[in-house]
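Per Swiss-Prot, the features are:
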- R129, D201: substrate binding site (BINDING)
- D202, H314: Mn(2+) binding site (BINDING)
- 1-8: topological domain 'Cytoplasmic' (TOPO_DOM)
- 30-379: topological domain 'Lumenal' (TOPO_DOM)
- 9-29: transmembrane segment (TRANSMEM)
Amino acid sequence: MLKRCGRRLLLALAGALLACLLVLTADPPPPPLPAERGRRALRSLAGPAGAAPAPGLGAAAAAPGALVRDVHSLSEYFSLLTRARRDAGPPPGAAPRPADGHPRPLAEPLAPRDVFIAVKTTKKFHRARLDLLLETWISRHKEMTFIFTDGEDEALARHTGNVVITNCSAAHSRQALSCKMAVEYDRFIESGRKWFCHVDDDNYVNLRALLRLLASYPHTRDVYVGKPSLDRPIQAMERVSENKVRPVHFWFATGGAGFCISRGLALKMSPWASGGHFMNTAERIRLPDDCTIGYIVEALLGVPLIRSGLFHSHLENLQQVPTSELHEQVTLSYGMFENKRNAVHVKGPFSVEADPSRFRSIHCHLYPDTPWCPRTAIF
């Protein structure tokens, strides 16, 4: 009897020892990915499985009773929630999501010489509009800025070497506008630069904000960023043959607020934009230059417009732009809105009569070290 019990005990011990050896020698399971760790942490915060999150809080939050079930203080909860959100962040290589909701790729280094800013103007506005831009924002980075105009101007040429005579009509017609845009596009492609940005001669460009925005996207990707002036896609009639047209819908960034296109996308636009093709493409829909850009990008290439509230035109109420957020805006403008003077409301060293566009005051607000800005200015 004792001998039989001893034999059973020895067999049990041998079996247990063998099981331990197998467990120790087996490969350990791989550690969970950071995102999975984050999701597990969030699930632990949410309490037992099946607890429903409170409306509006998303998957990361549950009912208050469940949230505090496994933590003992608010500071511990927020610490764990912050760590969980960080761990459950975008997967490797994915784009961070900024405050405006648009996913953006990781930043790439960007210098002023990487950006080609085309300023469209006409000779009759050289003194009235262009001189103001040369005095303010263009003076900070002349190497970035290329002025496209329809008339010779020796004074302008002496002030900046980047003047392009387009040989286009001075009329404000869709054909003349498309002619200038075609020249802008071709010059950008020839430049080899990473980014093409178009603005009008009534725009103020905040160069630091522009570089910050563009550095959020890789220039090799398809990027078309700007601000639409309509609350819905525009409808055009696309001519597909001599006697046949069809409706087409697309979004476009208004040229009056400015827009930017990456080199990667600009190269794909070449069949419809390079040489004389841009003019032909514009005739297919019989719309102006900025609409034609949107048509090529959205309707023909299938690349969606990235809407940004940092671009502004005179078609919106500019007095709603907060002075405290001026440093974040990419473009500003001035003009008339609903039959009233339309400009950014900003206090500064210059009166409205002396500075109706408010561009000088804006410039001194952004660059107080400018020699002609009064040192005692209060904003």
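Backbone N, Cα and C atoms are what each Cβ position is placed from, and that goes for glycine too.
A map of Swiss-Prot features onto the structure.
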{"residue": "R129", "record": "substrate binding site", "DSSP (3 states)": "helix"}
{"residue": "D201", "record": "substrate binding site", "DSSP (3 states)": "coil"}
{"residue": "H314", "record": "Mn(2+) binding site", "DSSP (3 states)": "coil"}
Taking the Cα atoms as reference points, how far is R129 (substrate binding site) from D202 (Mn(2+) binding site) in Å?
7
Students should find that the Cα atoms of D201 (substrate binding site) and H314 (Mn(2+) binding site) sit apart, in Å rounded to an integer, by 12
